[in-house]
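> Could you have a look at this structure, given as structure tokens, before my questions?
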Ligand SMILES: *Cc1c(COP(=O)(O)O)cnc(C)c1O
């Protein structure tokens, strides 16, 4: 098999060790004679897979006991609707920090169910930074404050956790969860789609502080109520069993490789390789994001001469550096370098960038 480096923003690269284990166990999981895909979600085998996945995630993130870990479906985006339905009433105000595409999606959905206050927005500079927290115009009795810790398309990442100030803090961590240690106890809810840094698409994760449960409006659909999943161990109905199984293997891979503190150091080193290549290119490449908010996970960059974009991408592909085309809304390139991207992938891309700039610059 050709060695490739896959820079997709999501669904994204998974650890090759994990994929090999999936392959080895695909037809016969641990001598059961069954594939995980064929097992009853109520059987002891899948019960073990689910409880280990939860226990391993709790260990990795040091999740306190008063938080529920929920495995859901519908992606991160269904939670854009679930959050206001669970945690706000029609006349309550939800505070949002608006830092780009995914913030915008969460805001649009919340507006359908409650009042929305944008505490700060970086739209004035094309969503290239995180507005200084001291400038935020907050609602003292907001139902919650929502932010996106890493804007996957813009490549803008928070480098700190905002103050809660007595308001529940809710965070969309879809594209940087598990990339560094975080203090879960500062949040009311953390949620993420799986397909960036957790596992295959089809699973979504939510970590919910117990005191948040039971606040939902009465007309909420049963399957959009976090309490339904909390009360039934994520098994009110059939969960995405195969995706949970693969996510569980990713958690084990992370634990085996030193956990999130080690992952953070690796991610810093990986991101530095690419940002250095951009910064050392004398303007041939450009990253529009403010220095303090440069993402460690998604690195957008443009070529000074966008006429060269096609040639850059073709050359990258010839070197097995895949899926580097930027999001259609911003153009240029984007290198997504989640946990499963090895340092060698970033080095190979940086080497190619240097070479391309030398021949074309
Ligand atoms: C990908 C992504 C989403 C959307 O996730 P789906 O699982 O496709 O619904 C939401 N927020 C962020 C930050 C993302 O990166």
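Backbone N, Cα and C atoms are what each Cβ position is placed from, and that goes for glycine too.
Unlike curated entries, TrEMBL annotations are predicted automatically.
Dumping what TrEMBL says about this protein:
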BINDING   42  L-glutamate binding site
BINDING   102, 152, 172, 195, 237, 238  pyridoxal 5'-phosphate binding site
DOMAIN    4-349  domain 'Aminotransferase class V'
MOD_RES   196  N6-(pyridoxal phosphate)lysine
> Under 8 Å between C-beta atoms and at least six apart in sequence, can you list the same-chain neighbours of residue 237 (pyridoxal 5'-phosphate binding site), or say none if there are none?
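Looking at Cβ-Cβ distances below 8 Å from residue 237 (pyridoxal 5'-phosphate binding site), excluding near sequence neighbours, one finds 223.
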> Considering every residue in the domain 'Aminotransferase class V' (4-349), what is the mean pLDDT value?
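Mean pLDDT, the domain 'Aminotransferase class V' (4-349): 97.
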> Would you say which of the binding-site residues 152, 195, 238 has the most Cβ atoms within 10 Å of its own Cβ?
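Sorting the candidates by Cβ neighbours within 10 Å, the top entry is 152.
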> So, three-state DSSP: helix, strand or coil for residue 195 (pyridoxal 5'-phosphate binding site)?
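DSSP call for residue 195 (pyridoxal 5'-phosphate binding site): coil, neither helix nor strand.
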> Suppose we screen the binding-site residues 42, 237, 238 by Cβ distance to ligand 1 with a cut-off under 6 Å; which survive, in sequence order?
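Checked binding-site residues vs ligand 1; nothing flagged, none.
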> Please identify, among the binding-site residues 102, 152, 172, 238, the one with the smallest Cα-Cα distance to residue 196 (N6-(pyridoxal phosphate)lysine).
152
> Give the three-state DSSP assignment (helix, strand or coil) for residue 102 (pyridoxal 5'-phosphate binding site).
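The three-state answer is helix.
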> The residue listed as 'L-glutamate binding site': which of the binding-site residues 102, 152, 172, 195 is the nearest Cα neighbour?
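The answer is 195.
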> Highest Cβ count within 10 Å among the recorded positions 42, 196: which residue is it?
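In terms of Cβ crowding, the pick is 196.
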